[in-house]
Amino acid sequence: MPVIHKIHARQILDSRGNPTVEVDVYTESSFGRAAVPSGASTGVHEAVELRDGDKGVYLGKGVLKAVENVNTVIDEALRGMLVTEQEEIDARLLELDGTPNKSKLGANALLGVSMACAKAGAEYSGLSLFRYIGGTMANTLPVPMMNVLNGGAHADNTVDFQEFMIMPIGFSTYSDALRCGAEIFHALKALLHSRGLSTAVGDEGGFAPNLRSNEEAIELVVEAIGKAGYKAGSPASKGGLGDAQVMIALDPASSEFYDTEKKKYVFKKSDKRELSSEEMASYWEGWANTYPIISIEDGMAEDDWAGWKLLTEKIGDRVQLVGDDLFVTNSLRLAEGIEKGVGNSILIKVNQIGTLTETLRAIDLAKRNGYTSVISHRSGETEDSTIAQIAVATNAGQIKTGSMSRSDRMSKYNELLRIEEELGEQAIYPGKQAFRV
């Protein structure tokens with residue numbers, strides 16, 4: 001029987017040199033290990049990432065309290081449970097914590113245990129994790145959102161918006177789409193170098209040059225697509241996809257530059273302009289009418305529900321509008337958004353909610369209500385590639401896991417190559433079909 005007989009956590013370092021939690025789960029015949037990511041721009045409604053707060057050790061970012069919670073309370077409570085009973089394990093974790101935001105034991109403690117149990121269960125069952133979670137119908141490789149230009153909280157530059165991404169949609173296989181992304185990444189690097197701009201990279205592996213404006217950033221990406229020999233799509237207002245090979249996705253992370261007192265969006269890093277919610281929605285409408293944009297994540301601030309409604313009414317029929325800080329992988333927040341008719345997609349970050357079961361329920365709720373799901377990394381990552389497995393397990397169709405540099409990002413892309421190889425002829429790359437706009 002695959003009975004849990006030991007759970008052990010340790011403090012390791014993530015891709016930014018900050019502590020995070022890694023968990024090992026042992027049964028008599030299987031083993032699972034998982035490392036927990038962390039974010040730079042975090043939503044106020046996210047589950048609590050428990051940090052030690054001792055400024056003299058890792059600047060207060062240690063996670064030894066969370067580690068201790070795993071090695072004592074959680075280890076004792078879960079010993080003897082069947083590692084294959086994922087829902088029961090996750091329910092027990094939630095019961096042990098007993099708070100709505102995981103603030104007692106820490107979402108970082110709970111998630112590490114939840115994911116490691118799933119991996120141990122998969123090993124016991126003799127299955128890949130994606131097959132163990134998703135069953136026989138798990139066969140869809142995700143279209144990647146590749147973060148090639150960084151700004152906002154992810155980079156020390158003059159760009160307000162956090163991520164400018166490319167999405168290779170006009171391909172029949174994941175491996176061809178990945179090659180396209182890599183070639184555009186290198187074309188962009190050469191383009192920046194030719195203009196005397198920095199090719200240093202941000203937290204997620206994208207370039208972080210100092211540019212004159214936010215518009216210059218997206219125009220550089222469009223130019224790089226062409227330089228690499230690929231065809232960008234038309235603006236959303238002009239038919240959008242057509243024979244496009246590549247489209248652009250944005251994550252402005254608008255909560256980061258929303259002034260809650262002024263109720264204005266303040267472009268703090270560039271021209272200092274201040275926009276109302278209606279003006280911000282119109283700003284994005286203008287961009288959608290000008291550039292080949294297929295997706296905008298967090299185009300409005302996390303609690304600006306009225307602004308989100310305006311944006312959805314303006315461009316929600318032709319642009320994927322992804323809620324990250326808005327929904328925080330939380331089924332209750334997503335249900336509220338569905339009821340209010342805001343957005344049409346949810347970003348899925350496992351550490352925003354804290355357990356695998358809750359993550360899968362959020363994805364299911366989205367699917368049942370016609371919302372797409374984008375499986376996502378965090379800016380503070382590790383070599384753990386679980387999200388690649390989850391993307392295929394759920395047939396989500398889209399993944400957001402950084403640029404074509406930094407091993408913490410490439411580990412996910414490379415894991416998807418292995419999954420594609422394992423699936424063989426069963427592998428599906430959805431391309432344009434990943435979108436419902």
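Each Cβ is built from the backbone N, Cα and C atoms, and glycine gets one as well.
The structure displayed is predicted, hence computed values, not measured ones.
Feature annotation from Swiss-Prot assigns active site, proton donor to Glu204; the stated evidence is sequence analysis. Glu204 (active site, proton donor) has a Cβ environment of 31 other Cβ atoms inside 10 Å.
Residues or ranges marked as active site, proton acceptor in Swiss-Prot: Lys349. Long-range C-beta contacts of Lys349 (active site, proton acceptor), restricted to its own chain and to partners at least six residues apart, with a cutoff below 8 Å, comprise Pro37, Gly39, Asp324, Val328, Thr329, Ser376, His377, Arg378.
The Cβ of Ser379 ((2R)-2-phosphoglycerate binding site) has 24 other Cβ atoms within 10 Å, all protein chains considered. Per Swiss-Prot, the feature (2R)-2-phosphoglycerate binding site maps to Gln162, Lys349, Arg378, Ser379, Lys400.
If you look up Swiss-Prot, you'll see Asp251, Glu297, Asp324 marked as Mg(2+) binding site. Cβ neighbour count for Glu297 (Mg(2+) binding site): 28 (other Cβ atoms within 10 Å of its Cβ, all protein chains included).
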**Report entry** binding-site residues compared (Arg378, Lys400) - the one with the fewest other Cβ atoms within 10 Å
**Finding:** Arg378
Requested in this report: Enumerate same-chain residues with a sequence separation of six or more from Asp251 (Mg(2+) binding site) and a Cβ-Cβ distance below 8 A; give 'none' if the list is empty.
Outcome: Asn147, Phe161, Gln162, Glu163, Met165, Ile296, Glu297, Asp298, Val322, Asp324, Lys400
Report task. Starting from the Cβ centroid of Asp251, Glu297, Asp324, which together make up the recorded Mg(2+) site, report each further residue of the same chain whose Cβ lies within 8 Å of that point, ordered by sequence. Result -> Gln162, Glu163, Leu250, Pro252, Ala253, Ile296, Asp298, Val322, Gly323, Asp325, Leu347, Ser376, Lys400
Query - Cα-to-Cα gap, Glu204 (active site, proton donor) vs Ser379 ((2R)-2-phosphoglycerate binding site), nearest whole Å - result: 6
